[in-house]
């Protein structure tokens with residue numbers, strides 16, 4: 001099944017980290033995350049997201065440098081709040097940098113950045129990145145204090161952490177987490193922020209989040225890489241974008257893998 005989606009309704013950022021994870025598992029040069037990014041653009045991705053972690057467990061410095069001049073859309077570079085990463089970002093100058101919390105022992109990002117608790121450090125980082133012409137996003141929980149702190153430190157964009165929504169064990173728990181995200185979207189907009197969201201979203205839980213009209217962009221990676229094993233990379237990207245757009249427009253698309 002080939003999917004086509006209208007552009008401009010809601011943006012899809014395709015995260016290519018786990019293409020690099022697959023490459024690094026065998027120490028080979030394939031699969032190439034650069035090729036994955038360019039094919040994702042052709043399939044309808046509105047931007048490419050990649051996380052340069054301090055331990056370089058998937059994306060490497062060379063990947064970021066090689067990809068930056070080749071993208072036709074936007075690069076959204078995720079990185080920790082360290083001077084090393086800020087300096088790398090200011091050297092490469094992606095269109096967007098999303099500051100995220102990072103712990104070496106975690107499998108994946110486990111929560112939002114504590115902007116309120118690290119206010120001066122975050123504010124200084126926002127100023128450094130903005131001075132290099134980079135738009136700053138802060139990956140935070142859907143918490144009123146964190147959203148207010150993000151606005152106060154000068155970040156124009158927030159990305160709301162959807163991991164607790166994605167990991168909810170019961171419908172009631174998921175409904176509660178969804179309400180928190182929806183309230184966070186409203187709070188972000190009241191502060192004049194662009195509101196994005198991401199983490200843990202996949203083909204059967206993305207619809208309610210994508211339907212929220214205040215969300216500009218969703219960043220999704222692992223689910224697309226996993227689905228591509230069966231559906232093919234470009235069609236996996238097309239399918240995710242089509243599901244998101246259908247949710248925003250109030251229409252329906254077949255579930256992943258369902259017949260047309």
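Including glycine, each Cβ sits where the backbone N, Cα and C put it.
As recorded in Swiss-Prot, the features of this protein are as follows:
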type     : residues              : note
BINDING  : 15, 26, 200, 221, 222 : 3-amino-2-oxopropyl phosphate binding site
BINDING  : 17, 18, 53, 58, 108   : 1-deoxy-D-xylulose 5-phosphate binding site
ACT_SITE : 51                    : active site, proton acceptor
ACT_SITE : 78                    : active site, proton acceptor
SITE     : 159                   : site 'Transition state stabilizer'
ACT_SITE : 199                   : active site, proton donor
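Sequence features annotated in Swiss-Prot and their locations in the structure.
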residue: 15; record: 3-amino-2-oxopropyl phosphate binding site; CB count, 10 Å: 27
residue: 17; record: 1-deoxy-D-xylulose 5-phosphate binding site; CB count, 10 Å: 21
residue: 26; record: 3-amino-2-oxopropyl phosphate binding site; CB count, 10 Å: 8
residue: 53; record: 1-deoxy-D-xylulose 5-phosphate binding site; CB count, 10 Å: 19
residue: 78; record: active site, proton acceptor; CB count, 10 Å: 27
residue: 159; record: site 'Transition state stabilizer'; CB count, 10 Å: 32
residue: 199; record: active site, proton donor; CB count, 10 Å: 26
residue: 200; record: 3-amino-2-oxopropyl phosphate binding site; CB count, 10 Å: 19
residue: 221; record: 3-amino-2-oxopropyl phosphate binding site; CB count, 10 Å: 24
residue: 222; record: 3-amino-2-oxopropyl phosphate binding site; CB count, 10 Å: 16
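Cβ contacts within 10 Å of residue 51 (active site, proton acceptor), excluding its own Cβ and spanning all protein chains shown: 24. Distance between Cα atoms for residue 17 (1-deoxy-D-xylulose 5-phosphate binding site) and residue 51 (active site, proton acceptor): 6 Å, as a whole number. Within 10 Å of residue 78 (active site, proton acceptor), as judged by C-alpha distances, the recorded positions found are 51, 53; the full candidate list was 51, 53, 199. Across the residues the record lists as binding 3-amino-2-oxopropyl phosphate (15, 26, 200, 221, 222), the two Cα atoms farthest apart are 25 Å from each other. Comparing C-alpha positions, residue 18 (1-deoxy-D-xylulose 5-phosphate binding site) sits nearest to 222 among the recorded positions 159, 199, 222. With a cut-off of 8 Å between CB atoms and residues at least 6 apart in sequence, the same chain places 17, 18, 20, 21, 24, 51 near residue 58 (1-deoxy-D-xylulose 5-phosphate binding site), listed in sequence order. Residue 221 (3-amino-2-oxopropyl phosphate binding site) has its Cα within 10 Å of the Cα of these recorded positions: 199, taken from 53, 159, 199. Counting only the Cα atoms, the space from residue 26 (3-amino-2-oxopropyl phosphate binding site) to residue 53 (1-deoxy-D-xylulose 5-phosphate binding site) is about 19 angstrom. When the CA atoms are compared, the recorded positions lying within 10 A of residue 222 (3-amino-2-oxopropyl phosphate binding site) are 199, out of the candidates 53, 159, 199. According to DSSP, residue 159 (site 'Transition state stabilizer') is assigned to a strand segment. Here the candidates are the recorded positions 53, 159, 199, and by Cα distance the one nearest residue 15 (3-amino-2-oxopropyl phosphate binding site) turns out to be 199.
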